[in-house]
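Feature annotations, reproduced from TrEMBL:
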type    : residues                                                 : note
DOMAIN  : 17-252                                                   : domain 'Glutamyl/glutaminyl-tRNA synthetase class Ib catalytic'
BINDING : Arg17, Phe18, Ala19, Pro20, Ser21, Glu53, Tyr185, Arg203 : L-glutamate binding site
MOTIF   : 20-30                                                    : motif ''HIGH' region'
MOTIF   : 241-245                                                  : motif ''KMSKS' region'
BINDING : Lys244                                                   : ATP binding site
Amino acid sequence: MATLSSPTSTHRPYVGRFAPSPSGALHFGSLIAALGSYLRARSQQGKWLIRIEDIDPPREVKGAADDILRTLEAYGFEWDDVPLYQSQRTAAYQAQIDSLLAQDKAYFCQCSRKQIQAMGGVYDGRCHRLPQTQAANVVKSGAVRIVNTAQVQQFDDNLMGHICVDSHFAAEDFIIKRSDGLYAYQLAVVLDDAYQGITEVVRGCDLIEASCRQLSLYQNFGLAAPQWLHLPLACLSQGFKLSKQNHAQAIDTLHPQSSLNAALAFLGQQPVETQGSVAQMLVQAVDQFQLSTIPQQSEILIEP
Ligand code: GLU
């Protein structure tokens with residue numbers, strides 16, 4: 001059984017967030033993440049911020065960011081501050097990369113996917129170990145990898161308890177800028193959670209292992225890390241999460257009451273009255289919120 005620690009132990013006023021990628025409309029799985037993070041933040045009298053993670057244009061669906069915000073409104077969610085768009089933050093990402101490269105805390109790598117497969121699937125750091133003369137000749141292009149000195153392998157999750165990842169995964173010099181020029185999620189999420197002053201990250205369990213990489217970056221950058229709380233994932237079958245990629249149905253914006261109660265039930269919460277407005281439903285849900293009744297399961301199967 002996991003130990004549930006208090007999110008106020010950081011002594012910072014609680015700031016939570018919901019960080020959707022605009023790759024499609026909100027579906028039941030993303031409603032869980034929005035609702036879980038909202039209930040947790042508001043039950044701590046905390047702020048709840050929105051960040052649109054729009055730095056992957058090939059995966060972006062035109063109009064999805066606005067659609068997500070309108071859907072959240074239709075469900076009665078109110079956020080603090082204006083939403084932050086990652087596409088507006090690329091100068092900060094690049095400045096961090098430039099500074100790391102200048103200090104030999106990151107390096108270019110041109111190894112192909114095939115080469116990495118031949119290394120056993122985990123990159124072995126060979127481009128960083130190139131002899132000086134060879135390194136000078138390496139074209140300054142390709143992916144950028146962090147020199148992963150922190151190698152965080154474990155952390156305590158406020159719902160799932162003690163999490164430990166594979167040591168090779170923890171030690172990998174992972175990519176912080178892709179060879180196609182796009183900034184990696186791990187870099188952007190850390191710089192932005194720090195920038196927005198997030199004290200606890202509440203999101204789906206699909207990202208639980210990524211938290212170790214993110215903690216490595218916090219250490220490397222000398223930034224205060226948030227706490228973590230990973231929610232069960234809504235899955236159609238084992239290991240098959242409901243997602244935009246597998247065309248999960250968009251949630252109904254005309255009749256949000258039943259989806260809200262279904263999402264509350266998924267999170268182990270009591271149902272709320274459906275006669276009033278959605279805003280009233282959320283107020284009641286915040287009042288009733290109990291962390292201890294959220295199932296400590298990484299996946300929960302739902303009906304399609
Ligand atoms: N943008 C990610 C997604 O939509 C979530 C990232 C996060 O919460 O850290 O799956």
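Backbone N, Cα and C atoms are what each Cβ position is placed from, and that goes for glycine too.
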Beyond the flanks of the motif ''KMSKS' region' (241-245) by at least 6 residues, Cβ under 8 Å: 21, 23-25, 27-29, 61, 204, 206, 233-235, 299, 302
Neighbourhood of Ala19 (L-glutamate binding site) by C-beta distance under 8 A, where only residues 6 or more apart in the same chain count: Ile50, Arg51, Ile52, Glu53, Val189, Asp192, Arg203
Close-lying binding-site residues around ligand 1 among Arg17, Phe18, Glu53, Tyr185, Lys244, where CB distance stays under 6 Å: Glu53
Secondary structure at Ser21 (L-glutamate binding site), reduced by DSSP to three states: coil
Residue with minimal Cβ packing [other Cβ atoms within 10 Å] among the binding-site residues Phe18, Tyr185: Tyr185
Cβ-centroid neighbourhood (8 Å) of the L-glutamate site, Arg17, Phe18, Ala19, Pro20, Ser21, Glu53, Tyr185, Arg203 excluded: Ala33, Arg51, Ile52, Val189
Site with most surrounding Cβ atoms, counting all protein chains shown within 10 Å, from the binding-site residues Glu53, Arg203: Arg203
Cα-to-Cα gap, Ser21 (L-glutamate binding site) vs the residue listed as 'ATP binding site', nearest whole Å: 10
Neighbourhood of Lys244 (ATP binding site) by C-beta distance under 8 A, where only residues 6 or more apart in the same chain count: Ser21, Ser23, Gly24, Ala25, His27, Val61
